[in-house]
Amino acid sequence: MVAETVVPDRVPEDSLQPGYDEKEPHNIDMDLKSEADSEDDRITDLFSSFPAAKGVEYEPNPLTFRAVIVGIILGSLVNASNVYLGLKTGFTFPATMFGAIFGYGFILMLTKALPNVPLLGGKFGPQENSIVQAAATGAGGMSGVFVAGLPAMYRLDLLSDDPKKDFGRILTITLVCAFFGLFAAVPLRRFFIINVARELNLVFPTPTATAMTIRSMHAVGSGANDAIKKIKALGIAFIVALLIICVGQYADGILHNWHIFTWFYVWGGYKTVGLLGIESWGWYVQLTPAFFGSGILVGLNAAISWWGGTVVAWALIGPLLVHYGECIGVATGEGKWEGLTRFSIMTGVDQPGYVPSPRYWMLWPGVMVLLVYSLIEFFLHGKVVWDGLKFALRESARSINNRLQARGHNNAFFAKQAAKADADGGVEDFALADQQVPTWVWVTGTVGAVILACIVTEVQFHMNAGLAILACILGVLFAFMSIYGGAVTDCAPLTASAKASQLVYGGITKGHFDVKAAQRINLIAGNIASGTADVSNSLVSDFRVGFLLKTPPKLQFYAQAMGTLVSVFLAPGIFVLFMAAYPCVFRPSDDPAEVCPFAAPSVAAWEAVATAVTMPNIPIPKTSAYFSIAMGIVCAVQAIAKHFWLVGKREKYREWLPNWMSVGVAWVLGPDSGYANAILFGSITAWWWRKYFPNNFTMYGFAMAAGLIAGEGFGGVINAALELGKVSGTFKGTEIALPGAECDQAVGTDLAFQNFITPLYDDLEASIRALTEQENQTKFPKPKPADPLNAYKDDTRICHFVDQSDDRNPMVISTSAFVLSHTDQLLLFAPQDWDRDRIYSRDRTQYPRRYPTPENIAGGTGAQAAGFFSTEDLHRAIVLFYHLVYRRKQNTVWTGRVPASTTIKFSGYVNPHASTLPDNLRAPR
């Protein structure tokens, strides 16, 4: 199994794949042949169906209940995993090998445990195994839309403020992408697998390897024993990865992320500040099983390119930009952690005098590299689209000619085109007419999906039917290119599909729609086009597995359809789960100290392109634009030289070229070396393993990689559920060995406000329920002033929340945190210079005068006032806050009602003139 390209960045198109040498295009499967029994017929042609392995019985009906159910379960697991992995780095992985190996194990277990039970027991063969894999691929698809285009729409405020409110709209757009791609894949099977596979040398590396693996597992002799070994390797890798991700969150600095430079800084007595600079640029080691596994699969070229791109961006260009004042970082540490800086801020672009962060500056060269390289490759292989168009016309002519002849009529034009269709070269298709997907099924389905697309886009997204039809046409066009790219290099160029669609719609909408409408159309059309191409590519790859194993395509299609139907409901549900657990993905925080656990580089790239092609003035720094243009030219020259000059004897030099898709990912991802280090280590391990223990690698390599990838992804889903339940590492874990772990533990006297600070937040659900239950009551119990102070001191989550002065909806924070946050406002802004829209700020320039406090307890207007309040201050401010709210919300719930918009920050209450304040400020009882 290899990494698929997800919009905008799957492991690159020109990478060397496992066991696949570009000098010998068929070598990917040669190692697998040794797994078959020595008496089997040797496989001499990878473009024809495989001969049946000796001893394997005929399968009258491989489409079984157990195969479909097991496949859907395994595919659902991969689907959930891919949402997690895609949001982390923009990469997703297919269910192909995972479904084939684990599916074999599950059904073999059923056949042994329940041999005579209807639907579950009975014989199990390779064709049924391919049905398991087909159902798994159908159920495991559609994650690409949810790790790129949709989150980008939320970041641009094109949908509501909460994905849960949009579940219906998300469901319908998923339905359009999934089923249009499903039906469009049917005619593409004949073109790519039968007609042009031999002519264009379309090996389909991963599907071919999967078919070989399935065949060898079912072979009589050592096949079953080898299969058990693969299953054990996959299962152990899956469990290990799951444990690393789920358990590691509770001691992140020890079990998951190794911040080595922070360790040396601490061991050196907090003196070598330069080590914090290295830490700030994202240089650390992450124990990520998924990307170690992907390193095993993608080869050294892709891995070294990614790591090299990381070094160039975040060890050379980024520091130089900061040194010369072209970019800035935001300090996030204080005290002994004062050297910590964040260089990945992406907000404030529209503010006057904006100075970009290094990540924002590098975003545009990264997007340019992804865009130019993939599009140049796309257009250089445009002949495939022309061949496909001719094929479609001739097939249509043959169908019409057959109907005319059946009625006793003849037409010279249709007869001539039908003859050309019959004369087209290709390989023999084992499937008879009754084993093919009926024409009326895929034609009706395709037309129905287009009609549904027109209705959904018009009613729910205000995009007219003509634009929807164009998106579907582009989807088919991009499917051609994606399938071709996947068949040759094992990596479909879906990046090109997404970006080309965004460019087309950017041109169409320019000057005809307002910016928000243009961005909405741009992203919806991109979702449809790239989603269609993604699904079609996956399903044609499945057809390739079935073709090699002689599984009737009609049965494969039905299994794919059932799996796809499940994915339509599952993928949106998983997406909503992650957005609820990690709202920072679609609503990034302005707080520089808050780091989202999901970098979401695909989201950033989609957002950037949508902004660039729709805004009147593109907010790109000039120096970044110049560098982007230069890198675009370099990428274009390399792609052209590779296609026209590095051929024949010079083709061997291609493997030394940088993989610009990997480089682009590194630049868009931001200052984070964790994934680059992991994928490099995985690829080096695979190179060493394959070189010195080739048979052992053949046996365990693919299986172990598949288990590591799926295990981490599923662990991420579990972590999201734990996050929602407030029992994740965020709430129950330790920050030991993490940079700045002691930032919230202030040192000083008990008069200082920071003495009450340790890390954060509170039991919000109980407070919300209590508030909801008593919403219509005239009274609500107020905490005594000492209660919030004690909560702040004792509850690490509350104290962190208040110290950061989060601007989230006051209804989703605890009572104590709510009180203390507003108390901060009073201390900073009352009674002078009150502004109801002013939010809490640690910027000393934002509050020249504050609530009077004696100088000897950190009062006054000096520098110390920026970071410290006294206990006396807090007590008085809490009481004042109670009185102000009571005056404003007479006889109603004391905390006020839910704000009209969740974007409202902590607003003021009244202008507290002395004449309106009560004389007695004692604490209410």
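Cβ atoms are placed via backbone N, Cα and C, with glycine included.
Note that TrEMBL annotation is computational and uncurated.
As recorded in TrEMBL, the features of this protein are as follows:
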COMPBIAS  20-29  compositional bias 'Basic and acidic residues'
REGION    1-29  region 'Disordered'
TRANSMEM  63-85  transmembrane segment
TRANSMEM  131-150  transmembrane segment
TRANSMEM  233-251  transmembrane segment
TRANSMEM  263-284  transmembrane segment
TRANSMEM  296-317  transmembrane segment
TRANSMEM  361-380  transmembrane segment
TRANSMEM  440-461  transmembrane segment
TRANSMEM  467-487  transmembrane segment
TRANSMEM  557-582  transmembrane segment
TRANSMEM  625-645  transmembrane segment
TRANSMEM  665-689  transmembrane segment
TRANSMEM  701-722  transmembrane segment
Sequence-distant contacts of the transmembrane segment (233-251), meaning Cβ under 8 Å and at least 6 residues beyond its ends, amount to 98, 101-102, 105, 287, 289-290, 293, 699-700, 703-712, 714-716, 718-719, 722, 728-730, 732-734, 736-737
Positions whose Cβ lies under 8 angstroms from the transmembrane segment (263-284), at least six residues beyond its ends: 257, 314-315, 318-319, 329, 333, 336-343, 670-674, 737, 739
Contact between the transmembrane segment (296-317) and the transmembrane segment (665-689) is defined here as three or more C-beta pairs under 8 Å separated by at least 6 residues; is that satisfied? yes
Run the contact check on the transmembrane segment (467-487) against the transmembrane segment (557-582): 3 or more C-beta pairs under 8 Å, excluding pairs closer than 6 in sequence. no
Taking 63-85, 296-317, 440-461, 625-645 as candidates, which has the most Cβ pairs under 8 Å with the transmembrane segment (557-582)? 63-85
Non-local residues, at least 6 beyond the ends, that sit with Cβ under 8 Å of the transmembrane segment (625-645): 14, 364-365, 367-369, 371-373, 376-377, 380, 654, 657-658, 660
Which sequence positions outside the transmembrane segment (440-461), separated from its termini by at least 6 residues, show Cβ-Cβ distances below 8 Å to it? 168-169, 172-173, 175-176, 179-180, 182-184, 186-187, 467-469, 471-472, 520-521, 524, 528, 557
